[in-house]
Protein chains: 2
Amino acid sequence: MTKNIIVGQSGGPTAVINGSLYGVVAEGLKHPDRIGRVYGMINGIEGFLQGHMMDIGSLDQTNELEMVRTTPGAYLGSCRYKLPESLEDAVYPQLFQKFEELGIGYFFYIGGNDSMDTVSKLSRYAQTIGSDIRFIGVPKTIDNDLVETDHTPGYGSAAKYVATVVREISADATVYDNKQSVTIVEIMGRHAGWLTAASILARKFEGDNPVLIYVPEVAFDQEAFIAKVTESLKHTPNLVVCISEGIHDEDGTFICEYSSEVGTDTFGHKMLTGSGKYLENLVKERLGVKVRSIELNVCQRCSCAHLSRVDLDESENAGIFAVLSALAGETGKMINFIRNKSVPYELSYGTADVNIICNQEKTVPLEWIIADGSDISNEFIDYVRPLTQGFVELPTKNGIPLFAYRK
Amino acid sequence: MTKNIIVGQSGGPTAVINGSLYGVVAEGLKHPDRIGRVYGMINGIEGFLQGHMMDIGSLDQTNELEMVRTTPGAYLGSCRYKLPESLEDAVYPQLFQKFEELGIGYFFYIGGNDSMDTVSKLSRYAQTIGSDIRFIGVPKTIDNDLVETDHTPGYGSAAKYVATVVREISADATVYDNKQSVTIVEIMGRHAGWLTAASILARKFEGDNPVLIYVPEVAFDQEAFIAKVTESLKHTPNLVVCISEGIHDEDGTFICEYSSEVGTDTFGHKMLTGSGKYLENLVKERLGVKVRSIELNVCQRCSCAHLSRVDLDESENAGIFAVLSALAGETGKMINFIRNKSVPYELSYGTADVNIICNQEKTVPLEWIIADGSDISNEFIDYVRPLTQGFVELPTKNGIPLFAYRK
């Protein structure tokens with residue numbers, strides 16, 4: 001007897017989250033003896049509760065599914081919705097009744113930390129009622145902050161984006177190289193500095209820009225920062241500094257919070273600027289040099305300009321492996337990556353208990369953060385480089401990438 | 001008898017400005033009977049006055065010159081330096097003495113409006129003293145605002161960047177498509193909306209995002225804007241709006257100036273936010289929907305992720321044609337582009353009097369701005385599309401583009 005799949009996406013997007021979706025759908029369709037239809041939740045578990053879903057397996061008849069693979073964002077739509085802590089809540093029987101009506105045997109949820117919480121709760125509830133539906137999480141996050149996995153799908157492409165763009169910004173910064181200047185690049189990452197650390201790949205040679213790199217794993221000292229900038233300007237007149245948005249001082253105050261004192265706008269809103277803008281003003285005030293700050297915006301998580309072939313393939317494989325694991329009887333698991341070797345790069349796929357993943361964050365090891373917290377070590381380069389390799393050619397029309405979208 | 005070339009770069013960079021530099025150098029080296037060395041000014045005319053230059057022709061012996069071609073920024077370094085208005089100023093004989101010492105017969109300056117002013121002044125001074133040095137300007141600007149040319153080198157790649165990134169941002173914007181949201185994208189262009197207009201290429205179908213596009217050629221009315229956003233949200237729940245940084249109201253006040261009233265930061269600096277940030281707050285205040293604003297940063301002018309093959313080739317050809325024009329005896333000219341046909345795209349290269357170019361700005365024709373100034377017409381698409389075509393493969397190492405740089 002066949003059972004059906006339901007798959008959903010949750011949390012912030014990545015450039016390759018749809019690669020995992022493609023993997024789940026494509027693999028799901030390869031087992032007609034055991035799997036019937038492949039449904040997609042529209043806007044994750046939140047939309048599903050409101051009855052929003054589609055027969056995504058039917059896209060297989062069109063070019064659309066192939067295009068989904070390289071489309072950034074979340075093809076099915078996402079949500080930020082946390083299931084109630086109490087498994088006694090009425091939402092659980094409600095959900096499982098829907099699963100039963102749809103003949104669901106396999107549930108896949110593609111997301112980060114909070115999404116694994118959803119998988120954890122549903123699998124635990126299933127156990128209490130003796131349901132045999134299998135619940136598997138497929139990791140994704142540009143933040144690379146999930147435990148129990150070497151890295152997360154989505155990180156490699158975001159890291160490659162950051163490295164490339166910081167190299168471009170460094171080229172731009174040296175255009176007026178007869179005048180001193182400081183360029184501060186603010187990169188996503190509130191508690192983990194993985195993405196900011198990847199900016200080290202932008203260096204063309206030892207000592208090249210970005211000369212200074214600050215991650216949130218260690219406390220940020222404004223005076224020490226000014227001293228480092230002063231020192232660095234002596235040998236690098238056009239200095240590029242990369243910082244995580246989440247850098248904070250010793251007592252945990254985010255650096256961006258210092259700028260929240262600046263007042264209110266014409267509507268009475270508190271003016272909040274980022275850490276980069278705050279440090280721009282600090283450097284201008286203290287050193288009197290030309291300074292600019294650049295906030296790498298959502299392109300960090302949605303640009304398909306610098307897709308890593310390795311990352312896209314691994315994302316897809318994570319989706320495939322999720323289906324195979326569910327068919328093998330696993331539930332309450334997240335697909336994880338086990339690195340066998342860095343040179344040459346070899347990866348194995350496995351599963352980890354979702355319950356020990358969902359409320360933890362993996363940060364950059366302190367021994368990889370050097371130079372009083374202003375630089376990253378070469379060990380990190382060995383770690384990150386394999387994840388950013390290989391080129392992905394996108395389908396284009398008139399020179400602009402083609403994306404899939406739900407009509 | 002051979003004469004030498006001196007070439008310089010000036011003003012803001014583009015992704016392909018070094019393509020023109022490559023064109024000048026490569027073509028210069030092809031005429032050993034008439035051209036001896038090819039010198040480069042470091043940091044334009046300003047650096048040259050201080051004695052900074054290099055023998056850029058000697059790079060021909062290395063791979064470096066080939067890499068210069070696809071390196072963003074300005075390989076020789078740039079400057080923002082205006083020569084004195086009075087040709088009686090002592091700087092002119094000083095410059096021409098240096099030219100004589102170096103055996104210069106041909107002077108090429110790659111830049112925008114202000115750079116053409118330099119070419120104009122030097123060529124006029126040459127005339128007054130009977131010098132036979134030839135002065136030729138090679139256009140570049142992402143702003144596309146030079147008169148007497150169909151378009152400018154650098155614009156096509158920047159337009160392609162904007163179109164691609166706005167399409168990516170639109171994909172990102174629809175991730176939570178069960179909730180209304182407005183995303184405001186601020187694009188470079190203080191007086192001319194060419195680059196902002198190119199965001200229209202991001203639309204996947206009629207009526208797709210960006211639904212609203214505002215350029216600085218027409219006055220921006222805040223109430224009309226709120227009405228358009230309200231109306232558009234009815235059919236597009238995740239609305240993307242593109243604006244030029246230079247949008248202004250009827251009496252010429254820049255929209256970003258409204259936000260300058262917000263107060264001062266902890267250092268006593270006036271807090272200036274962009275037009276996008278101001279409109280973000282306006283929409284939030286008036287409509288209560290989720291709003292974010294994204295400022296496309298310097299990547300607009302330095303990203304090599306979306307180089308247009310057409311743009312890069314034309315940039316290089318502009319450099320080549322500059323050398324050929326100088327050899328043919330022309331001086332006081334800027335290389336210009338004459339479009340013969342859009343379909344199929346056919347371009348001719350010519351020269352225009354630099355004196356009528358240097359203090360004018362070309363803006364988007366008013367008849368291409370439609371829907372009460374909130375949209376761009378299809379005529380513009382026919383104009384811009386050919387300039388964004390074709391893919392350029394960059395040299396890479398470990399997945400990151402390789403750039404040339406002066407040691």
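One-based numbering along the chain as shown.
Every residue, even glycine, has its Cβ placed from backbone N, Cα and C.
A TrEMBL annotation is a machine prediction, not a hand-curated record.
Annotation comment: TrEMBL describes B:Asp143 as active site, proton acceptor. Annotation note: B:Asp143 (active site, proton acceptor) sits in a coil segment as assigned by DSSP. Shown in sequence order, B:Gly112, B:Thr152, B:Tyr155, B:Met188, B:Gly189, B:Ala192, B:Trp194, B:Leu195 are the residues of the chain, 6+ apart in sequence, with a C-beta less than 8 angstroms from the C-beta of B:Asp143 (active site, proton acceptor).
The diphosphate binding site annotation in TrEMBL covers B:Gly12. Sequence-distant contacts (6 or more apart, same chain, Cβ under 8 Å) of B:Gly12 (diphosphate binding site) comprise B:Ser78, B:Gly112, B:Thr141, B:Ile142, B:Arg301.
Of all Cβ atoms in the shown protein chains, 18 besides its own fall within 10 Å of the Cβ of B:Asn113 (Mg(2+) binding site). The feature Mg(2+) binding site is assigned by TrEMBL to B:Asn113.
Residues or ranges marked as substrate binding site by TrEMBL: B:Thr141, B:Ile142, B:Asp143, B:Met188, B:Gly189, B:Arg190, B:Glu245. Mapped onto three states, the DSSP output places B:Gly189 (substrate binding site) in coil.
For the domain 'Phosphofructokinase' (B:4-301), the mean pLDDT of the prediction comes to 93. Per TrEMBL, domain 'Phosphofructokinase' is recorded for B:4-301.
Counting every protein chain shown, the number of other Cβ atoms lying within 10 Å of the Cβ of B:Asp114 (site 'Important for catalytic activity and substrate specificity') is 17. The feature site 'Important for catalytic activity and substrate specificity' is assigned by TrEMBL to B:Asp114.
Taken from TrEMBL, the feature site 'Important for catalytic activity' covers B:Lys140. The 10 Å shell around the Cβ of B:Lys140 (site 'Important for catalytic activity') contains 32 further Cβ atoms across the protein chains shown.
When Cα-Cα distances from B:Asp114 (site 'Important for catalytic activity and substrate specificity') are compared across the recorded positions B:Lys140, B:Arg190, B:Glu245, the shortest belongs to B:Lys140. Note: the substrate site is recorded as B:Thr141, B:Ile142, B:Asp143, B:Met188, B:Gly189, B:Arg190, B:Glu245; in the same chain, B:Asp145, B:Ile187, B:Ala192, B:Trp194, B:Leu195, B:Ser244, B:Gly246 also have Cβ atoms within 8 Å of that site's Cβ centroid.
Site extent for substrate: among the recorded binding residues B:Thr141, B:Ile142, B:Asp143, B:Met188, B:Gly189, B:Arg190, B:Glu245, the largest C-alpha separation is 16 Å. In this structure, the C-alpha atom of B:Arg190 (substrate binding site) lies 14 angstrom from that of B:Asn113 (Mg(2+) binding site). In terms of local Cβ density within 10 Å, B:Ile142 ranks first among the binding-site residues B:Ile142, B:Met188. Geometry remark: B:Lys140 (site 'Important for catalytic activity') versus B:Glu245 (substrate binding site), CA distance 20 Å. Under DSSP, B:Asn113 (Mg(2+) binding site) is assigned to a helix (H, G or I) in the three-state scheme. Local packing around the Cβ, expressed as the count of other Cβ atoms within 10 angstroms, is greatest for B:Gly189 among the binding-site residues B:Thr141, B:Gly189, B:Glu245.
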